[in-house]
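Chemist: This is the feature table in TrEMBL:
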type: TRANSMEM; residues: 65-86; note: transmembrane segment
type: DOMAIN; residues: 79-352; note: domain 'G-protein coupled receptors family 1 profile'
type: TRANSMEM; residues: 98-119; note: transmembrane segment
type: TRANSMEM; residues: 139-163; note: transmembrane segment
type: TRANSMEM; residues: 184-202; note: transmembrane segment
type: TRANSMEM; residues: 242-263; note: transmembrane segment
type: TRANSMEM; residues: 295-315; note: transmembrane segment
type: TRANSMEM; residues: 335-355; note: transmembrane segment
Amino acid sequence: MITRLYNTEEDPAYCSFIWGANLSSNDLVLGTAANASQVFSNDLRDDIYTDVEDPRTESLRQYCYGLMLPIICSLGIMGNVLNLIVLTRRNMRGTAYIYMRAYSTAALLAIVFAIPFGIRMLVHKDRGQWEEFGPAFYTAHLELFLGNGCLGVGVMMLLVLTIERYVSVCHPGFTRPVMGPPGLVVFLTSFLTFIVYLPSIFRGELIKCMLTPNNVFVYLRRDNTDYQRTLFYSVYKVMLEVIFKLIPTVLIAGLNLRIVLVYRRTCERRRQMVLSRINYVKEDDPRKFAEERRLFLLLGSTSILFLLCVSPMAILHMTIASEVLPSFPFQVFRALANLLELTNYSITFYIYCLFSEDFRNTLVRTIKWPWLKAKLCHYGDEVSASPPTVATATATA
């Protein structure tokens, strides 16, 4: 039914070039060799790179998409599932936690969508060869749309969360939530993000070829270069990187730095007030200093990791084209950019556990690991009864 609505064209020139006369039953339309070369130059466009791929690229795929990507995805899925379990506890009901749950959900979905991408890169490579229409259609039109859409939602949730924390710490007199009802903000942000990514559906196209010996059709994916070379798409891909990479990176780094500076001044004033009291207890100051240090490490690691992991993907989206795909250095950069972006959305849980004491204690009480000391669990009950600290509700990447 769907194949009637979506008509894939059979391109004899393209099919014969990829697999030779063994493939297309209509290759006789090519005529003489001179006519064939003329058709190739018009119809094959930039797909000729498929026969000049660097032989080292296959080993690179095996290591990156066959080994590293499954490890990163496994850690990311486990971490984000635990994130959602902890963030749905009764002591995690604030505005910030709603955005944190939305971020973890978007990150989890993005990692899930990365799995078929890794399989495609490992098995089908860039061009692909599918006998079923469904997987071919998904790869050509929905693979990047769904994956990048979820990543975009994650970036927006992180930005909104950072803004909420900035207002909470630096402008406590402002009415909160600043961005409006959190549930509505999450819905509208997610909806608008996927709307913005809709034009990316058309960046690929399917070509139908018929295997002569078996008389069965196979589907190949190639770039829709006519569309990608339009002025609209040239402006559009730059706009995407500015909205979902450049602006969030600058704002998150700047707001987090401002939060750290304001919080340090607040802690310093509290120290001076405590020092002026007669009943000063020496243990209070180290405890507050440790809290300040955890916040600094949390926000610092957030900004640095986001910058390092997201920037290569922004460069990749601006430079990827059929002309550069044969280059082995470009394939190395492409694989590293994909793995770094996945890593960025896979380590949130581990950053929370490392720098947020409230998060660790809630996790301990939720999972109830028997080998942990009962004293830690008891301390977690006491902490959960108090309001969450700034460090707990701060954005992470």
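Here the Cβ of each residue, glycine as well, is placed from N, Cα and C on the backbone.
Quantities reported herein were computed from a predicted structural model and do not represent experimental measurements.
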Chemist: With a Cβ cut-off under 8 Å, give me the same-chain residues at least six positions beyond the ends of the transmembrane segment (335-355) that come close to it.
Modeler: 60-61, 64-65, 68-69, 72-73, 75-76, 78-80, 82-83, 86, 103-104, 107, 110-111, 114, 117, 151, 154, 294-295, 297-298, 301-302, 305-306, 308-310, 312-313, 315-316, 363, 391, 396-397
Chemist: Where else in the chain does the transmembrane segment (184-202) make close Cβ contacts, counting only residues six or more beyond its ends and a cut-off under 8 Å?
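Modeler: Distal contacts: 98-99, 102, 106, 141-142, 144-145, 148-149, 152-153, 156-157, 160, 177, 224, 227, 232-233, 236, 240, 243-244.
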